Amino acid sequence: MNKDMWKLSPKNIAALGIGSAVFVIVGRFASIPSGLPNTNFELVYAFLAMIAMIYGPTVGFGVGFIGHVLLDLMMYGQTWWNWNFAAGFLGFFIGLYALRVNIDQGEFSAKEMVIFNVVQVVANAIVWFLLGSVGDMVLNSEPAAKVFAQAGLTTLMDGLTIAVLGTILLKLYAGSRVKKGSLHKD
């Protein structure tokens, strides 16, 4: 377990700030409408998964939450707090799995990829259905059919985005790291 992932070190604070800015940029320019109101195919969640796996749950939550708040304010002039917290907790839950993987040491095996994808699909379902949908029903008096349709489509689209693009990004990242014990002194 990498205990540094829980700390707000200068490196993690920089990752939080830069990650939030990148979240806004990618969310603004790489968002594809789905046809369902306020529900888009968001490539930014592959980036969030990568950040959460590299820096852990604290930075994962911060980038998801802050990035989503800033993106909402920029795009709509207001924010939906339950969906912002949902994005933050998606980063947090994926970041929790990062504590069990040595991705910084070049390790991301097929088994770890499968577990990562199970974790992210479950996390997507939890955050978008519970925080997103139930939050909209309680806070905004939105009809259940509408918000559960949005949550279902969001879970599917974000899960697929992370499964494909997020897994590729993480495998490339792990491949760029020096494996533990691979360097030998002659």
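Just so it is clear, glycine is given a Cβ too, placed from its N, Cα and C backbone atoms.
Per Swiss-Prot, the feature transmembrane segment maps to 13-33, 46-66, 79-99, 114-134, 150-170.
If you look at the transmembrane segment (150-170), the same-chain residues 6 or more away from its ends with a CB under 8 A from one of its CBs are 34, 36-43, 45-47, 49-50, 53, 90, 94, 103, 108, 113, 116-117, 120-121, 124-125, 128-129, 132-133, 136. Sequence-remote contacts of a segment are chain residues at least 6 beyond its ends whose Cβ falls under 8 Å from one of its Cβ atoms, and for the transmembrane segment (114-134) they are 49, 53, 82-83, 85-87, 89-90, 93-94, 96-97, 101, 108, 144, 147-148, 150-152, 154-155, 158-159, 162-163, 166-167, 170. Long-range neighbours of the transmembrane segment (46-66) within the same chain, counting only residues 6 or more positions beyond its ends whose Cβ lies under 8 Å from a Cβ of the stretch, are 2, 4-8, 12, 15-16, 19-20, 22-23, 26, 84-85, 87-99, 101, 103-104, 116, 120, 161-162, 164-166, 169-170, 173.
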